[in-house]
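Novice: I am attaching a structure below and will ask some questions about it afterwards.
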Amino acid sequence: DQDNYKELFGALDNAFLVAYAIGMFISGIFGERLPLRYYLSGGMVLSGLFTALFGLGYFWDIHVLWYFIIMQVCNGLVQTTGWPSVVACVGNWFGKGKRGLIMGIWNSHTSVGNILGSLIAGIWVSSKWGLSFIVPGIIIAAVGVACFFFLVEHPDDVGCSPPLHHVMSEEKDPEGVTSDDGPLGTSGHSSTEHLESPKEPSEEPEAISFLGALRIPGVVEFSLCLLFAKLVSYTFLYWLPLYIVNVAHFGAKEAGDLSTLFDVGGILGGIFAGLISDYSGGRATTCCAMLVVAAPMLFLYNRIGQTGIGTSIAMLIVCGALVNGPYALITTAVSADLGTHESLKGNAKALSTVTAIIDGTGSVGAALGPLLAGLISPTGWNNVFYMLIAADVLACLLLARVVVKEVRGWCGYMARKRGSSVQLTESVLDGK
């Protein structure tokens, strides 16, 4: 209730985000070496505990900032068990063919969680704010217990056949995320190519090291791209309600309700990005195309997005789809693709580590974005949006090498396809 409340809230936000970013790089290593069911369930229960302890500070009448900062740091660390574990579990069940669409639909849970979390916390925020933390803490702990009893980590555990993670032949460019033979999702390759390829030994492979995961082609590029994509997304997540209040002059509740439309757009964008990337076989190209369109849309939203309620709703949904689409695709389907990359030669014990590296790097951007927005906003909201547009452009540029390899793969595939058609035509004519 003092003039420095913004600084205190900023300290709490950054305590969580920095702890989450640091812990994520370590979490994936443990995730590969521990049973995912125990690891995920334990992290959820501990997250519920620290969230509830934060809220209990209200009922215990604690007014020491360090107590809340410590709870935030502990919460940030234990929540790093979540994302690598869930992506690894889903990646174990679904192969590359329709992974983008399936994970795009599945990833909508993040936006649904953001919306539900805001609505649940908002019930008590003006009366007993401690319950805004205790109730969500109880919910996540209860779901963690359910996961412990019902989560199935791998198809083999229940007698199901594991999915096919590679849908192309073994003749490929070992340095690329995509093959020069064509798109990842191309169905023109015959199934005999998979049957004729030698099977790897059945002994249990060792979990991949941190440096080994970094050497997987595409991990560094997608990680750095996610840093800037997540910077934009989290800046909107933290600052959008305040921006709407200051620029459109809506009330706090109306601004909060409007800001959830950004997450609605994120759901649509994640599904759309997954569908397009499955069809085209180009994960990086899909991300890059959406990022290219996102930059001018961010500029337009700042210019005309607050001229009317209809315009504001439409622009928020579009911006949410374009900003969160690449973010969702990279943290789900791309992470699963790279965690089962053909260079690993069948070693599936890389999903958690690769996911942790990619999302951990992105979390650095998640911590920087709101911090930079807080420093820049006093100079004007236009400058904040220029910063977001610059981050969006950088995210796009960092994928340039992977996009070039994907385009070369498409060109090579189409050239061979045309050559095969010409040969077939000549054979038919010679036969006549």
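Cβ coordinates are placed from backbone N, Cα and C, and glycine is handled just like the others.
Here TrEMBL flags 191-202 as compositional bias 'Basic and acidic residues'. Taken from TrEMBL, the feature domain 'Major facilitator superfamily (MFS) profile' covers 1-408. Annotation comment: TrEMBL describes 163-202 as region 'Disordered'. Annotation source TrEMBL lists transmembrane segment at 12-31, 38-60, 106-125, 131-152, 219-240, 260-277, 284-301, 313-338, 350-372, 384-404.
Surface or core, plus neighbours and distances: that's what I need for these features.
Specialist: Counting same-chain residues at least six beyond the ends of the transmembrane segment (38-60), those with a Cβ under 8 angstroms from any Cβ of the stretch are 30-31, 67-68, 71-72, 74-75, 78-82, 85-86, 89, 128-134, 136-145, 147-148, 151.
If one looks beyond the transmembrane segment (284-301) by at least 6 residues along the same chain, the residues whose Cβ comes under 8 Å of a Cβ in the stretch are 177, 218, 221-222, 225, 229, 232, 269, 273, 276-277, 315-316, 318-319, 322-323, 325-326, 329-330, 334, 385, 388-389, 392-393, 395-396, 399-400, 402-403, 406-407.
With a cut-off of 8 Å between Cβ atoms, the residues of this chain six or more beyond the transmembrane segment (384-404) that come close are 176-177, 218, 221-222, 224-229, 231-232, 235, 239, 243, 282, 284-285, 287-288, 291-292, 294-295, 298-299, 301-302, 323, 326, 365, 369, 372-373, 376-377.
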